[in-house]
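S.K.: I have a structure I would like to understand better, so I am pasting it below and will then ask my questions one at a time.
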Amino acid sequence: MKFNDLFAGLVVLALSGLVASASWNLPNPSEQPLGPSAFPLILAGLLGFCALILAVNGARATDAGPLVGLADWTRNRGAVLRLLLVPAAVIFYMLFAETLGFLICATAILVVLFLVGGTRSLHAVAMALAAALVIHSIFYLGLGVQLPWGPLEPLRW
């Protein structure tokens, strides 16, 4: 999608207002001058300032076009399906990670994404398996994060 700068600026300005209002009343348990609300308020102010610049530039543009429009690639069914594979992969992981385990889910997701991206079958399987093992090792061994094993529980290291 393509967004006009005026529209995008107004949306981001509203977002900065939400961040500011949410952080305004954060409790300050230590009663320090700069409590937990200071950093979010500074970021909200900077975000609001940038949003105003974007909105003003969008309002002054003579060839701004419609507020919201579709990009050319959205007319290509294959491109849209490839884009939708990413949230579908996240949903697949959320639904099946406990049952199948991280290694099986991650490998399956990566194989599908690699194949759709044009990688040859053998390379897709090898890279997906290697990536899943490396990611699992980083989380499990390096960071101490317990990832689900699923049916591979007897192989836990």
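Cβ coordinates are placed from backbone N, Cα and C, and glycine is handled just like the others.
Dumping what TrEMBL says about this protein:
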type	residues	note
DOMAIN	7-148	domain 'DUF1468'
TRANSMEM	38-59	transmembrane segment
TRANSMEM	79-95	transmembrane segment
TRANSMEM	101-118	transmembrane segment
TRANSMEM	125-149	transmembrane segment
S.K.: For the transmembrane segment (101-118), which partner among 38-59, 79-95, 125-149 gives the most CB pairs under 8 Å?
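M.R.: Between the stretches 38-59, 79-95, 125-149, 125-149 has the largest tally.
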S.K.: Can you tell me which parts of the same chain pack against the transmembrane segment (79-95), counting only residues 6+ beyond its ends and a CB-CB cutoff under 8 A?
M.R.: 73, 105-106, 108-109, 112-113, 116-117
S.K.: Tell me, roughly as an integer, the mean pLDDT over the domain 'DUF1468' (7-148).
M.R.: 92
S.K.: Reported in the order helix, strand, coil, what are the DSSP residue counts of the domain 'DUF1468' (7-148)?
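M.R.: Going by DSSP assignments, the domain 'DUF1468' (7-148) contains 106 helix, 2 strand, 34 coil.
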